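> Below is one structure. I have some questions about it.
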Amino acid sequence: MNTYEPPKLNKKAFILLAIVVCVVGLLIYFSIFFPHIFNVIVNFFWITLLLIVAIFLVLGILVIMGLKKEVSNFLDIILEGSLTIIDAFDLIKKLYTKFIEILKDFLYFIAPVISMWIAIMIYIGILFLYKGVGKENDVTILTTVLTVAMVVAVGILNRPVQQEVLDTWTKQIRKRFKDYFADSFEIIIFVFFLTMDSTKLFFIPANLNVPLRSSLFGYDLMLRGADVTNQVTVTIFLVTAGISIEIIRNIIKLIALAIQYYKEMPKRETKILNIKESVRLSFVDAKDDLIKFIAFTTTLILVFLIFPRLKLYAMLITSLTGLLLDIGIPGRMSLKRTGTDLITRTLNKIFRL
């Protein structure tokens, strides 16, 4: 079956054709909606043509009268003037090229700042929403929804992707913006969880700096996690459930990595040897990440114990959502890939892991 192949146009010819179409379209537009402007353009065009024709006829008459040398000198003057115009256009082209290069460098430099400001605006917007709802209502359900949404957003931003070839400046700027925005977004999530229940935030209206209400199955989540006199079993449950889910996530990742190693191994008569070897290799690869996980989780829980149990509840929802993302997004189940997210880098610096 014959397939139709559209004719290939030269890029410059295509641009020229596009300019002609745009000019014709503008003229038609002006002739319909702005006839006075259209008449001015047409008159200017005709006057220019009449001047060119008049100059042509005068030069012809001068040549006939024997003033060929004078006509030649006049044509030389016109030529030099045209060359000067060409030089001017060349200078404008160089200035435009230089401007574009400076603009590219500026956009590359400003991308982290823009990503940070966008993340800050998102933080303020989420905080205003949270405080506005919490002013009159219980915030447990809203905390659950916001936590799930933010964790899913971070999971999408940090999802494993194939390394892209950065062969254009737009791709370089896009990757730089994405990397810095992912880090900034992680920061604003952490800051949000720290400030979600604060009543002393100077950048929001005073009527929103009010104590929040949050309860789950009759248990008050606004009591401090370290409070052992009131409903201490709630704190124990939240901490135990959160850590248990994180342990399950890491065990699943360990198993997934062991399966990868098992598939890459040569077949033996005794499968148990391959199984043991794959488990051993996966544990060696995962050990550093497991140590980082233990350090980070312990630090986070110790910090959150100082604050209301609502933060521990949010941490539990975060862990549960992370487990679902591990199952739903291919590539997150493997600990073999090197972590480049902000949390991993921060742990490496703080705990020298």
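Glycine too: its Cβ is placed from the backbone N, Cα and C atoms.
Curation plays no part in TrEMBL annotations; they are all automatic predictions.
If you look up TrEMBL, you'll see 12-38, 44-67, 106-129, 141-159, 180-208, 228-248, 290-307, 313-329 marked as transmembrane segment.
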> Please identify the stretch among 44-67, 141-159, 180-208, 228-248 with the greatest number of Cβ pairs below 8 Å relative to the transmembrane segment (106-129).
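It is 180-208, which has the most Cβ pairs under 8 Å.
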> By a Cβ-Cβ criterion of under 8 Å, what residues six or more beyond either terminus of the transmembrane segment (141-159) are in contact with it?
126, 129-130, 133-134, 178, 181-182, 185-186, 189, 192, 196, 214, 310, 313-314, 317-318, 321-322, 325, 329, 331-332, 341
> Would you mind listing the long-range same-chain contacts of the transmembrane segment (44-67), meaning Cβ under 8 Å and 6+ residues beyond its ends?
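Non-local partners: 74-75.
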> Let me check one thing: do the transmembrane segment (228-248) and the transmembrane segment (180-208) come into contact, meaning three or more Cβ pairs under 8 Å with sequence separation of at least 6?
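Answer no, regions not in contact.
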